[in-house]
Structures are given as C-alpha cells and as structure tokens.
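The structure appears right after this line, and notes come after that.
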C-alpha cells in the first residue's frame, strides 16, 4: 500500500550512456526470482559511495570501502537480494571477495574494480556458488535500457520498484540522471538501510564526486526513517560516466551548482520513494523543524517525533492526538527547551503555542489534515535560525504483520 | 494479555500503618469509573519522589517538585486518571493548584503539603470542578485497607491492577512494604512514564529518603521501556510513615542495607508489572548487557535492542531472527565496538560470537527459547566489567490497535 509512489513509464526512464545493466535469477534464497543485478561501467567513470555506520557492517560494505579506496577506477557493481552477508565474519568477507573475483574475471577487470552489494537476511552465509554460476547470464543480458528491470531486481520487502529519471540541459549538454533505490524496513539510514544507485553521464572529477556524494546523502537518504533501525548494509552509490561531454572538475565550475541541484533532487526522490513504500505505510509524513540552534538539535527533535510509536500509530489512525507529538518533542533531549516558545503546526493549522493548545485550534481542522495521505508536521523551536527536515511514515498493523512474518 | 503478572490475594496485601487511602468516581473523562484516589499520610511521614525528564512536564509534576522542596512535610496525595493535565500551560498549573487547595482545606493541612498526580490524555484542560466536588467522597472512604482499590483507581490502558506487598523483619521490627503502579504505554521512564507509589511503615530520615528514592528508581522504573516514549507525567513516590518503630537516619545504620534491598526488590516488582501488562505485550523480555566499559554504554546497547521495532516484532513472532538483535547492537552508537569480541545469548543458548553466528548454534535451540513467554537476551561486549539490565516487551498487532484507538 505505497503512498503516492510515482512509477515512470518505461519510455520516461532514460538510459545513461556508459552504464549497462543485466539482471538474472541466481536462486539466492528463493527460486524464480530475479535476485542478481550486474552493472558494467565505461572506462573513466567516477564512482563514489557512502555506507552504513552500523558497527556490524556487512562484508560487501567493508569490501566496497576498500575497493573505492584502492583508486583503480570502478568498472562493475554486483548486487544480490535474499541474503545480506552481514554478521557472517571472515567467511562472509571471503564470499564477497569471491563474488568480485568471479565477476572481474568475466569482465576482464581487476577484482578491486568491482563493488559488491547484498541485501536480505542477516547472519546467514552467502551462497556464493549460486551467485557466481549466474553471473554469465547477467552479463549476457547487459544493456543500457535495463534500469527498470534493475529496480525490480534489487527489491526485497518493497512492494513497488523505485526509479527516477530526468534529462536536464547544463552547459549546452543534455545530461541524463537516472537512479534506483530499494528498502522498506530497517530504515534509518546513517548512511542508510537501503541501496541507492544514481547514474549520470555528466563527468565529475573523483575528489569532487567523493565530496558530493556525502552532500547528496545528507539531503536525501540520511533524512528518512521508517523504524529507526539502521541496517548493516546501507549503501548509496553515485556513478558519473562522463559520456555526455560535460565535465566538471571543481566546485567553482560555473555549471557545478546546476548539476549538484539536479542530482540532489533525484537523490531526494529516490529516498522519498523508500518512505512511500515503507513496510505497512499508509501515510507519508514530513517532519520539518525550524528555529533550531543547530542542525543536530533540529534532527534530534525531528527523529524523536518520527520514531515515536505513539505518534506513528496516531497518524495511522488519522487521530490528531497532538499531545503525543508534544510529548516526543519534550523527550528529544534538549534540556533547556523553553516549551512556551514552541509552536506546532499540522500543515497550515497552528495547533500548539505558549506551552499548550492554541486557543483558536479546532479539532476538525486537525482531523482534516490527519486524514490526508501526506502530512507535514512543522515545529518551530524559537531557539535560532537552523531548520532541517526528516521524512517518515505511519505505523500500521501491516508493519507488524510484515515483520512478524518476514523470515517464515 | 498480561505476561505472568501476579496479583496477590487481598489478604496478602498488607496495610501500611500511617497510610490511608480513599478511591471514588469523579467523572473526569468517563462516568462510572473510579478515577480519583486520595492518600492521607500520618504526621511525621517522610516522602520523596522522582519525576519525568520530559521538557513538557505536566502541571502536577511541576507542583509536586515545588511542594516537596517546600519541606513542610507531605500529608496527602491526590491522583486522577482520564486527563494528564500536560501541555495545558498556566491554566493547567492553576487547575492542579486548585486541586491541592481544595484537598488541603478538607484535611486541614497546607496546600504545600499535598502532592497532585494526573494521568490520561495530554493537551486537554483538567475538569477541576469535577475533581474537587468528588474529594469529600474519597475522604469519607479513607482507610488503610484500600491499596488494591487504589491500584484499580489509577489504571488507564492497564488491563490489570499492579500491587506488591511484603512483610520483613528488620532490627526486631516487623516492617510492611506495599506499593502500587500503573502504566502500559508511553513507557520509557526517565524517570518514568508511569505512576508508582511505594509505602512503608519504616521511618527514614528525609535526606536519606531523598537519596534512596533515586537509587530505587534507577534500579526499577528507570530500567523499563515499552515503546521508548518518555511521558510527561511519570512520577514515583516513596512514603515512609515511621509507624513501625524502626527508624533509620543514616546510610551507616546497621539495618539500612536490609531495608534498602527490600524496598528495591518491591520497586523492581512494581516496575516489571508495568512491562508485564504493557500495551499488547505477549512476552516479557530481559535485556542484560555485560562486559561494558561504562553504565552509559551498557544502557545504550540495552535500549537500542529494547526499542528496535524489528527486534520486538521478531519476539512477537517467536522468530529467532538474531540478525536483527546484532543489527540493533551495531547501531547503538558505540563507535569503537569490536564486533569480533561480542557474544550474544538467548537465555542459555550462545547464538553469536567472533562477529557472526556461533557454529554450534542450532536454529531449534533459538526457536525453543523464543517460544517462551519470558526471554533473556544476554549481550557480552568484551569491553569492561560493567553490567546493567533493561526490561521490555514484544511489539504486537494489539499495540497498534490500542494506540490507534485510544482516544476514540
């Protein structure tokens, strides 16, 4: 039951010159399921990524970081669903390495030029033989037109594929930006319980892309939460193939801001799609905190509201139980918060001020907003001029059903 | 569907000399409901309390702190359900004050000798007239045998009354310890989303009791969580009437440790009863963290596990989905956690070590433990010798139902 999740028509999903994709069935966990995706990147592509901060970072995440640091130029990605290869110790690391070695041999590149990604069940060993056996089929299918198929191929508990594609003119060049993401539960990226792959045929110098990918993540995947559970496998990758002719080497370039904004917009779309398709979600909630003294405290308050099971069940019930929001603001950990200065809105309805209910607030106004599929909670702290935004969803019976049944 | 919540027979609930209780119907929110409880304390009683750290602390909590600081000796408590008098601004404070003034007049004490408590819906003004009108009826019913009735009188979404009572011999005196608690949701005391009242006829000097009450809370109510929502009204009160003849003035007293341990045990019982009756709970979970470097990090890890919706739904499903527990440990915020040193047990079953699954672990052993109504998760961090314990419950469909319907 995704919330306003837009799926573009296949004709609106633009191939990115320099990026080929192949998808096949490896039978990682279940048969008859397209669970293996391979990306082949043109020589000279810049690739950068950000990864989960969970201490149990999965084997493929550890390997991604190593291979990016090796600096030999990334030429391929391999992504499996069904098994996260996390909490698998040395054996798991060896399995991820074996996957890279096998794909490198097939594509005639070095193993350090391959980035591996896994998503699925934690604590079980990766069936590496089944994956390597399926690589030739994935490679045989490589083509630039397979983004939609890849969006399907990386799904786990997702109900819908997540893909976003735009074309923009920058500096006289037509630039394509196309990306996919997956994730529906264990989502509180930091960086991020999910997989996100964003490709462009703009050229971006490696040091600049290394910086940009963090900026993009902080405006998108690092601002969403479903259940507060930061996964072991979160990865967000930006690929700049450079095939368009536009090449940007420095942040001072006249066209950098345009390209950055276009990529940021695409990143936000992909991140929000994860929330729209969150496990059991029936509402898409934007929590916007303003007048904070620092970004940290704005996010502290936003996440406190976005994670409260009581707030989330009230959204599910379309119940303007505003006390629960105030309560979550109150325990967010800002010790010197002056509750008399705080104001709270549901969309455009001012519901609380001066430490209590707004005297002009009418329950039917709150009720009207709560019934919408998309709701903005706006909180003004009266402490400074910093603002930030977090995206989340409600908490439904369906979430419990999905997570009580996931493994069985 | 409470989990192993023991309700003592009425004959096993011992009156505490010096503490009288009356319960009546005030119609605060609903008719035909005993929603008003009054305690009258003998002159010379020592009373101390700890209260919620939520910044939106309710009007009665603010008044409790003021009246305890006034140091005139507390002689009465008044507790209503149906309305939390939180997020109610100056008007709410005036309402709580009016309640104290009215009860003080009836009992011929000073308003500063009355402690008020409220629990229920947030953001609505307290119907103070209905409460003051009902005070005479509560007072007319005052008696020492009404603890069970009071345990009923303070219930909100609780399904069962929570009462604990023991008699112990200390220093040649027979000492009675009897207490009640309430709370089922919005529970992550700090101090605490709940109400707890513990009475004893031991005498305890005020400065000693002030210190002791914090110690007791930190071993009981400050170690439980249902949903991570720290409420606006949490209050835990210890009353020492001194009627038994035993009088303890200092921690050096030969009998202090005995009395402290008996009170601590009673506090833990009352706190655990809240978890046993938590909204929708089907399992009682003990999360024990050992080999931590500090108490803070032990609690960080314990709460990360205890709050994870994915861990809690796995308990609900009796699914030994251990990866979810490792994941929650991994994102608890210990940046230099060495996952290779960590060990994880379900009861006596060692499930993970050396950064992954214990090779000797068999799924059926995990399954056996997960099916029990009471489960201990034991986590050894390999970092030091500090340990701590948090109590929580699973996360069920019923929790969502209760909280999606509560107000309506």
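From the backbone N, Cα and C atoms, a Cβ is placed for every residue, glycine too.
Annotated in TrEMBL:
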ACT_SITE  A:193  active site, nucleophile
BINDING   A:156, A:182, A:193, A:279, A:403, A:408  substrate binding site
Cβ within less than 8 Å of a chain B Cβ is the test here; which of the binding-site residues A:156, A:182, A:279, A:403 meet it?
A:403
Among the binding-site residues A:156, A:403, which residue has the fewest other Cβ atoms within 10 Å of its own Cβ?
A:156
Provide the three-state secondary structure of residue A:403 (substrate binding site) computed with DSSP.
helix
Including all protein chains shown, what's the count of other C-beta atoms within 10 A of the C-beta of residue A:182 (substrate binding site)?
28
What kind of secondary structure is residue A:182 (substrate binding site) part of, going by DSSP in three states?
strand
Validating a neighbour-count step here. Other CB atoms within 10 A of the CB of residue A:279 (substrate binding site): how many?
27
